[in-house]
Amino acid sequence: MTKFVFVTGGVVSSLGKGIASASLAAILESRGLKVTLIKLDPYINVDPGTMSPFQHGEVFVTDDGAETDLDLGHYERFIETRMKQANNFTTGRIYQSVLEKERRGDYLGKTVQVIPHVTNEIQEFIKRGAGIGTPDAVDVAICEVGGTVGDIESLPFLEAVRQLSLKLGPNNSAFVHLTYLPWIAAAGELKTKPTQHTVQKLREIGIQPDALLCRALHAVPEEEKEKISLFTNVAEWGVISMWDVDTIYKVPRMLHEQGLDGLICDKLRLNTPPANLKRWDDLVYETEHPRGEVQIAMVGKYVELSDAYKSVNEALKHAGMQSHVRVKITHVDSETISDDNAAQQLAQYDAILVPGGFGSRGVEGKISTARYAREHQVPYLGICLGMQVATIEYARHVAGLQGANSTEFDPATPHPVIALITEWKDEDGTIKTRSENSDLGGTMRLGAQSSDVQPGTLAHSIYGDVVTERHRHRYEANVQYLDRLRSAGLVISALTQREHLTEIVELPQSVHPWFIGVQFHPEFKSTPWSGHPLFNAFIKAAVEHQKPAAKA
């Protein structure tokens with residue numbers, strides 16, 4: 001039978017529920033349990049696909065094409081289980097499902113209400129995410145409830161998990177509550193009152209936490225833990241300190257040493273071997289003992305919020321560990337770059353990365369960035385839009401196609417080397433269509449798709465014969481211009497297996513040591529254990545470029 005752990009948060013948002021949930025999952029997985037994670041988001045958007053990265057950080061894409069919360073990226077980087085659409089749902093998706101059932105007459109004329117219809121639907125979605133009744137059923141499903149206890153948006157989710165816990169019966173569910181202990185500098189002490197109040201609010205709803213994860217700058221003193229235990233009705237060994245650390249990969253060891261996994265296994269009556277966190281210890285050692293450092297310029301438009309490029313940042317760090325170097329990432333606003341100042345802005349970096357994005361703002365700066373990297377032999381990795389701007393730059397300045405552009409940025413361009421694809425097939429063979437007038441939500445080429453890689457190319461040395469990666473984009477390289485670009489020397493090194501759409505472009509290594517653009521998003525498949533072959537190769541190229549002979 002699948003057991004459940006429900007993770008909630010109080011006092012303030014952004015405490016790290018995702019990291020805490022993923023860390024607990026990693027420890028339980030090291031005990032030999034099959035684990036999955038589910039994220040419940042209380043906002044009314046159907047998914048985060050149309051939300052600004054400034055609002056919500058990056059959109060993480062799963063193999064099955066779901067646009068999900070960035071926490072699912074943490075989940076995949078911490079445990080072996082791959083996430084699916086069922087692992088993330090929102091208030092919007094719940095209401096969408098309830099209303100569809102109401103229109104079909106599934107409720108047999110009843111008045112549709114939050115309780116029981118919405119809360120029942122939430123419970124069904126949770127069970128679906130845990131794979132109950134299928135071969136994918138897990139031993140433990142950890143459900144992270146987004147938002148903060150006390151917010152009106154979270155109430156249906158909290159009521160639903162309370163009811164589900166009751167239905168599951170004793171020893172089949174546990175509650176973990178993440179809270180915050182502010183440090184008052186003037187008084188020189190941690191304050192526990194907000195924690196007392198948030199647990200009180202949770203208990204008013206009918207939920208008694210089994211463990212408290214107390215976020216603070218430093219480890220919480222024992223006397224404060226005793227006080228928290230007394231006023232929250234949580235056993236003292238269930239009051240666990242979570243202090244700030246310099247790498248998130250220290251959190252599993254931190255929680256294990258304070259007995260969180262033992263407490264959960266005892267509550268859920270799980271008889272397992274002891275946790276083995278050696279690979280986490282090795283990972284932390286690698287991050288703390290680099291043998292060098294490389295400087296990477298990430299040129300984008302959402303640079304004010306690092307979470308907008310969360311998976312890219314993590315993939316670069318993973319690749320650094322594979323090459324035993326620390327990767328120092330500098331986010332450069334593409335709006336500040338032009339042909340005139342690109343050298344001044346970018347000369348100090350060992351490699352340049354242009355990540356994905358949407359809209360025309362800052363695009364010319366990205367095109368100037370690609371030109372600088374091409375002309376100055378700097379390793380360049382373009383992801384999604386980064387590939388497209390590299391293609392536009394090459395068309396303008398090498399292929400002689402003056403005014404070349406994407407129809408996304410200039411619908412009247414004389415040379416639309418990047419254009420909207422109107423029909424394609426998904427991995428399962430489903431035909432999809434779209435136009436300029438299509439809704440923004442759910443109308444992109446999404447999820448894992450495979451491409452054939454041309455032998456003798458840089459891409460082939462990285463991927464082999466076939467590459468399968470995740471996608472999230474509307475615009476593609478225009479097939480009508482591929483022959484002209486090839487004639488001008490651009491290598492089209494990978495095409496999709498069905499529509500023969502461009503997936504990878506590169507420069508011959510006789511012309512440039514390492515210049516590649518990919519239409520997909522490789523960052524979503526990087527893990528701290530092995531990195532990702534494309535990012536690993538990119539960081540190796542940065543290390544090579546750093547050598548004096550390469551600079552000369």
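Keep in mind that glycine also has a Cβ here, set from the backbone N, Cα and C atoms.
The ATP site recorded in Swiss-Prot includes Ser14, Leu15, Gly16, Lys17, Gly18, Ile19, and the single candidate from Asp71, Asp106, Asp136 that the record places there is Asp71.
Of the residues Lys39, Lys225, Lys227, Swiss-Prot puts just one in the UTP site with Ser13, Lys191, Thr192, Lys193, Pro194, Thr195, Gln196: Lys227.
Within 10 Å of Gln388 (L-glutamine binding site), counting CA to CA, the binding-site residues Lys17, Asp71, Glu144, Lys191, Lys193, Lys227 contribute nothing.
There are 15 other CB atoms within 10 A of the CB of Lys191 (CTP binding site), with all protein chains counted.
Just so you know, the Cβ of Met387 (L-glutamine binding site) picks up 27 other Cβ atoms within 10 Å once every protein chain is counted. Cβ neighbour count within 10 Å across all protein chains ranks Gly386 highest among the binding-site residues Gly18, Gly386. Between the C-alpha atoms of Ser13 (CTP binding site) and Glu523 (active site), the distance comes to 26 Å.
Each residue contributes its Cα atom, and for Ser14 (ATP binding site) and Lys191 (CTP binding site) these two points are 19 Å apart. Of the candidate binding-site residues, Ile19, Asp71, Gly357, the one lying closest to Lys191 (CTP binding site) when CA atoms are compared is Ile19.
Of all Cβ atoms in the protein chains displayed, 19 besides its own lie within 10 Å of the Cβ of Ile19 (ATP binding site).
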